[in-house]
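Lifted from Swiss-Prot, the feature list:
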BINDING   Cys42, His67, Glu68  Zn(2+) 1 binding site
ACT_SITE  Thr44  active site, charge relay system
ACT_SITE  His47  active site, charge relay system
BINDING   Cys97, Cys100, Cys103, Cys111  Zn(2+) 2 binding site
BINDING   Ile179, Asp199, Arg204, Leu266, Gly267, Ile268, Ile290, Tyr291  NAD(+) binding site
Amino acid sequence: MSNMMKALVKSKAEVGLWMEDVPVPEVGPNDVLIRVKKSAICGTDVHIWNWDQWAQKTIPVPMVVGHEFSGEIAEIGSAVTRYHVGERVSGEGHIVCGKCRNCRAGRGHLCRNTLGVGVNRPGSFGEFVCIPESNVVPIPDDISDEIAAIFDPFGNAVHTALSFDLVGEDVLVTGAGPIGIMGALVAKRSGARKVVITDINPHRLDLARKLGIDHVVDASKENLADVMKAIGMTEGFDVGLEMSGAAPAFRDMIDKMNNGGKIAILGIAPAGFEIDWNKVIFKMLNLKGIYGREMFETWYKMIAFVQGGLDLSPIITHRIKIDDFRDGFEAMRSGNSGKVVMDWM
């Protein structure tokens, strides 16, 4: 195996990513080197491409980025015992310290020292990625490489949707991006009574309909209260999944929640936006922030959803060769795409 590889690198502090030859990552005793077959583009990668304020404060330059992937094990460290070369895998992109109180209590997803693959350390937009053995997730034979490549965002959706009991509940999802749509699908499959999803992007609304979401609302044209009445809702929503990061959507969600309602918040909102805290208080709402996936319970659950028949393939709207990565990022930046999966093989 060559000691060099192709990779997408944030090599300059400006807009874009660049395909370069870089060294293959070194494998430590507890590490696993994975040959990447499929990579998916995340919204985080778009922020890095755009070199916005968050990216400028967060991303070291130069660095290989990317964190949504699937592949097969190419090499294992001397102390690795659970995996073997050739095994099909994906990986948890949040690397935790294992030493803080939350980690020691089995709550690794709450680690205050979390490092993100492709954000704080070299990522998976390369022919190889190296992660700790503890972050490797085997992929069953009946799950394809491209579906495994979107398990990271699907895990965000599963973690958010399953934060609260859904059986018999009326659920509002704000934001019909890929994660919002997947969250709505999980809610529907988990026994929710009514599932309503809102957005203002026509392409994303059409994609939600294509995936089988029953009640799809264009918030720029339709009044949510009228939709609730039309579908037989006489009280507010029991559970809210905020996936948009849009202040107007979050405010509308709070307004439409039933007393005692529960809201899981994944969307990253602009700093300093206002909500009516009196509604939160007097409706006795429960707000829960979500970041990433529960390690590793969410992975077991999402594998079970897919093996149980949940078809995520329509959420992948663009399949491209890695040399055409600019086309993939153009599609993502336009807002007129679902997931974009890039083929390294």
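Cβ from N, Cα, C; glycine included.
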Task: Ile268 (NAD(+) binding site) and Cys103 (Zn(2+) 2 binding site), distance between Cα atoms, whole Å - done: 24
TODO: Show, in sequence order, which residues other than Cys97, Cys100, Cys103, Cys111 on the same chain lie with their Cβ within 8 Å of the centre of the Cβ atoms of the Zn(2+) 2 site.
DONE: Val96, Gly98, Lys99, Arg101, Asn102, Arg104, Gly108, Arg112, Asn113, Thr114
Open item on the list: Residues other than Cys42, His67, Glu68 within 8 Å, Cβ to Cβ centroid, of the Zn(2+) 1 site?
Closed with: Ser39, Ala40, Ile41, Thr44, Asp45, Gly66, Phe69, Gly93, Gly118, Gly123, Ser124, Asp152, Pro153
- [ ] Can you grab the distance from Thr44 (active site, charge relay system) over to His67 (Zn(2+) 1 binding site)? Cα atoms, rounded to a whole Å.
- [x] 9
- [ ] If we count other C-beta atoms within 10 Å, could you say which of the binding-site residues Ile179, Leu266 has the fewest?
- [x] Leu266
Task: Greatest inter-residue Cα distance in Å for the NAD(+)-binding set Ile179, Asp199, Arg204, Leu266, Gly267, Ile268, Ile290, Tyr291 - done: 23
Task: Position of peak Cβ density within 10 Å, selected from the binding-site residues Cys42, Cys100, Cys103, Cys111 - done: Cys42
- [ ] Count the Cβ atoms, other than its own, that fall within 10 Å of the Cβ of Asp199 (NAD(+) binding site), considering every protein chain shown.
- [x] 26
Task: Whole-number Å value for how far Cys42 (Zn(2+) 1 binding site) lies from Arg204 (NAD(+) binding site) (Cα to Cα) - done: 16
- [ ] From the recorded positions His47, His67, Cys111, pick the residue whose C-alpha lies nearest to the C-alpha of Ile268 (NAD(+) binding site).
- [x] His47
